[in-house]
Ligand code: ATP
């Protein structure tokens, strides 16, 4: 076994044939046995790249202290400590404040570190969920294994769209080309084949080698693994270069920018207040402490953490609904998607193909049975057996009998699976036929040609078996075979074939044509093998729509999202399916544009067509057409999500705002190029992700309003005190910190977990150019914040006035002052309690959403109140915060006044809703 690695270098550099290469790694054309593969897995380890060690934990933790907020707070703590040292008698309050601020810095650093760590783990976990499989031949049978379980000696089967999962020596190739960009930086595809290569050729140039990390762009082939994991060329480079790439989304950037601006404003205001109060004769230390209070009150300490958590929750919820988000950016963009360009097969439909009709000899034969179980009847089987034999031999898929709880399954293309099933139903033994007519060559399927050809020899003669899209294949046929034998395919017969095709397609069937011809040798190329063919007939297969798609399409329509089908399939089939799932409503007349028409259309005409036709379908399109459609929509200012599964879809997936790849059926290349992967391939999952994307954005707005509006409540009493010449602070910096990082953080986090609001999919998509801090957001913040500010300022001064002594007579240990101080803090906490309910929706009454429906919020609010009670009643905390116990009457007053926040907002919402109804 270990010979595999020992011989790696000579194998890669020395001239050897495919057979010698197989032998050198102890493998054969039958691949390894399962047992041997297991032993090799133990010996060589998993085929994975272990992340190189990143910056040490300590360094990453220390980096948290270099953040702007942290630096500001550390400087503030430094100055406060100096104030303490200079004060005589020693001002214990300054020391407490310095310690409190440092505690805040530490707490923030811990939260920041945890959050980075969690985000990384989430990204890794999501990455691990993206399916990564390899097709191998083991014990002579094709099988699929996780790419991480490949071992040296494994015989892998590759085809267009696959990522190469290990370093391999090619042993068989059919028009195989690969893109070595990941290793060489050269993006042009290069040809690979199984012929021996001179030892002098540079390894990366060697035509017989394919490397881990590169992709197959076209063709098919077999290759034997020579190195896995860290022993691969890619693994070596990865160890040298890989690092963690952080992804800062625009929304996070906007929030960070806003937070910085607010911090700058806070600083300026603090300095101004400091100067004003100092000039008015305030003591240095007290004035400084007050100014610091203002700064700390305004800086949104908990914001970055809350923001990351909300996004992470969004990503997790989407993963639960089968949509894996690879980039956080997508969470935000999803919410403003205006157009979804979707494939048909597998996304709107189940991709569970069942042949229902066969057309040959001018007549339709019905087939009974459902699914992949080869049980059912073919009408007049003798008349279709040759057609089905030719079709079945032209397939790469395998039919797998029931195993465990799974029923009959198809390994490979389901279209081909259906052909194997119907062949069995007609009484053919496909395996025996495969042995009788050995496959000696192939021209793989590609979605541009829409054809696939295999070459077979029997009795010394070689035949090309061709299957593919009827129109494409018909154009290459010169003859037709019917009961009377082979005859020329004249115009009349051609029309008959096309009519039969349209009839089947019109009833939503996917149609494939089948043809043959004799060729000169197994080396026949496209020109020889795919021309002058004899048509044998048509096969129509049913691919039922996914049941959940109808509701998802409806939801997207209500959400103002346009759905445009872009399919490789035939126009009539596409239209029939589009009607079934509701993309084209009853009575509506669609406009279908085919790939050929698209080639003849200039950009301006295409733009007009997109704008003027609400029900557009693109049929028989190639991947490059999809790219054009996506670009055209983007030119029109739309936010486009596009689905893709093939290797050639990668450019369109990259060009779109949201590239959506398929987890089950898609290729590795498509998954690589996309930002979202659908684990179940279903369109309904895109709709679900859009809904969650919208709700994440709403939730971020909610806690922004929640967090910023209370800043006004914290600031106002301080400004008022300065204005009326009250010598002490109505709310100390330590108290502000206790609110911002104690009672406020959890409710803000809980607001980030709100489920999507009812009606979130009933409004048009958000304009992505509209800034997060829009006018209406600021207006709402001011509205809720002002009520808080008035309430809090009122309770403070009302309490102070109860003492009946002049302002100048107050000292910081005055019991009334201590009570008033407690009232201010409790006032903010109680106002925020009601604010938490108010911000849960911009338009809907909280009683409609359900007062108790966000449990985490209720718990968080309860904790917030509990913290406040502790600060008011526990003597050690009273000492730190200079607070006093509040009476039941005090609480009663606070709740009565605090509820005004909710009441006023409910009235505002009611007025707003009324206006909406009237307009
Ligand atoms: P969508 O783009 O919506 O997924 P699709 O699966 O029909 O639709 P393609 O895979 O590009 O798109 O296939 C285009 C056409 O090629 C099909 O309509 C069919 O006629 C033909 N075709 C599909 N698979 C095969 C195959 N394995 N062999 C031969 N022809 C095929």
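Just so you know, glycine gets a Cβ as well, placed from its N, Cα and C.
For 12-85, the entry in TrEMBL reads domain 'Cation-transporting P-type ATPase N-terminal'. Per TrEMBL, the feature transmembrane segment maps to 61-86, 92-111, 262-282, 288-315, 781-800, 820-837, 857-874, 886-904.
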Legend entry - Contact between the transmembrane segment (61-86) and the transmembrane segment (288-315) (3 or more Cβ pairs under 8 Å, separation 6+): yes
Legend entry - Paired segments the transmembrane segment (288-315) and the transmembrane segment (92-111) in contact, 3+ CB pairs under 8 A: yes
Inset, instruction - Residue list, the transmembrane segment (820-837) vs rest of chain: Cβ under 8 Å, 6 or more residues beyond ends. - result: 706, 709-710, 713-714, 717, 729-732, 735, 738-739, 743-744, 747, 750-751, 784, 787-788, 791-792, 795-797, 799-800, 846, 851, 857, 860-861, 864-865, 867-868, 871-872, 881-886, 890-891, 894-895, 897-902
Legend entry - Helix-strand-coil residue split for the domain 'Cation-transporting P-type ATPase N-terminal' (12-85), DSSP-based: 48 helix, 1 strand, 25 coil
Inset, instruction - Check the domain 'Cation-transporting P-type ATPase N-terminal' (12-85) for me and report the mean pLDDT. - result: 82
